[in-house]
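A short write-up of the structure that comes next.
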């Protein structure tokens, strides 16, 4: 990808190559392992490593335009959401042949080499070909029965072979009947690919004095017979095939083929779509070599990935089933909860796209405000909705579920996201390197975050384990309930007017300090010590007839952000409304549901971004994806929840269970140890993922929390 600049290994190679430029060994003959190359280049291994660390702090990013450059720079900024997808339209002529194939139309004959009997084509026959051809056979029979529709019946019956076998026929072409007189190209070699070619009415042909005049298409009686009897059933068949093939994503070529057949070919006069083994043509009505293409996971619609676009209808389904079917006549609570949680995935993607678009088109201050405001909106919406519903229903279980979801987000972002990215990136690139200084800053912020969030919990472990509901002083402040009665009496006698052992002031103090630490982290990484990242942007000159075209303007992004936030709130309300049957499962701990489903589902777009960065050998951003989310959870989301509870008491107390406490502390220590040397591979990633799965197993077998 030209936007990523040099990879870590390439930068290492260029550094070592420059240091031993006098060496007679050609660079093309160097070993693939950086340490081997540096042995001859550097006086010592440590000197080479120091030079490598210095080179790592100087990263060159190549971008196609200024907006993309801003987005790429924002990816390296602390507190900004890391976004992989483009926010501007990329020039089509500069794309690879694989990507061009994804967006190509089916009306051009392209050179093809290889076999037509592929797994995708065989799957097409099994999934689509047989029942679509059966529909064609029935429609063709019906048209023959009408007598007047015989021309269309003949056309439909002849199409059965193409419908069944797609591209697996032999020497089958559709060309103009007057091949010697049309402008067909005779230079191409004959192949075995079947396709539909335009008729003489679409291709200019020489004037022929003996050519008979034809009745206009809309003045024929057979046209209306076809449109009333034959065309409607095929509309249903092709529409169903379009829907299934589009949802499957990898079969989008089948969608294009059915859509073009339905919208163009079946509306042509039958004599204009003829089958012939003679003649050659460079322009076709329909030409598709493969029914499936595995690279369609890259397909985007207005900048939105096709998977996110396909999941968007879940939002409508969730709202309709949730707010209309109140009595669960058509869908159970389990189904409604699953749909509501699943609908949060595309909404999170749209929110991420909106944040990245606004940040890329605005200055640093606006981008920082937007990221701080909307960066955690998905999770906060769910947490606040759950706390409100738990308070209204006097259900303390939802409070524990929220705490489990907060802890699950921390564990997932600290262990699972870096781990899975290391595994996938390490399998492709063997060993990956990252900027250990920037990773050290992230780890320090993680230590501060975890220490601040769990400070009230440690306080309660030292001086008591519950909040006293009845013990208040003259000002109404709540004291800790101490397990032993004599300690309670002692505190009442000696510290009745002291705030030392008052729990809420401690929580408020911590929640006031954490955002301050977040702001200091912003100033440190973006202003005073921005040289740690030292990003240099090099704009690539791309030949294009158009200027920079953004997918979403700032105002459009803002409207989508607000709309997605409202919809997320509605879906979160439905999820919390129908979560009780899930929590009532006797074999599954409520802790497990919180740390897995509720914690990680909203983070799926971030996981995908991290994996994409790792595949392109940019493991630094993959690691920053998880660290950024974890820091925002502790320094922004939890203080906001405490602030919300201060103004509207929903019973949220910042005391976590022992399992939450020790799992989070152990995870931060482990990931800090992994990040120390600035190198990673799939083994280290496996270690993180295994530890994460062990912790999930503990939550799975743990007893239900109090109140559930």
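These residue numbers are counts, starting from 1, taken along the chain as shown.
Glycine residues also receive a Cβ, built from the backbone N, Cα and C atoms like all the rest.
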Can you say which of 479-500, 545-566, 567-588 is given as transmembrane segment in TrEMBL?
479-500
For the transmembrane segment (364-384), which recorded stretch in the set 122-145, 221-248, 337-358, 405-427, 650-675 gives the largest number of Cβ pairs separated by under 8 Å?
337-358
Among 304-325, 337-358, 439-459, 621-644, 650-675, point out the range having the most Cβ pairs under 8 angstroms from the transmembrane segment (405-427).
621-644
If we skip the immediate neighbours and take only residues 6+ beyond the ends of the transmembrane segment (682-701), which ones have a Cβ under 8 Å from one of its Cβ atoms?
404, 411-412, 415-416, 418-427, 588-589, 591-592, 595-596, 659, 663, 667, 670-671, 674
So if I exclude everything within five residues of the ends of the transmembrane segment (221-248), which remaining residues of that chain have a CB under 8 angstroms from its CBs? That is, six or more out.
127-128, 131-132, 135-136, 138-139, 142-143, 146, 148-149, 151-153, 156, 254-255, 258-259, 261-262, 266-267, 269, 310
Comparing 337-358, 439-459, 650-675 for Cβ pairs under 8 Å with the transmembrane segment (621-644), the winner is 439-459
What is the number of residues in the domain 'Inner membrane component' (120-158) that are helix, strand and coil, as DSSP sees it?
35 helix, 0 strand, 4 coil
Using DSSP, tally how many residues of the domain 'Sodium/calcium exchanger membrane region' (557-697) sit in helix, strand and coil.
113 helix, 3 strand, 25 coil
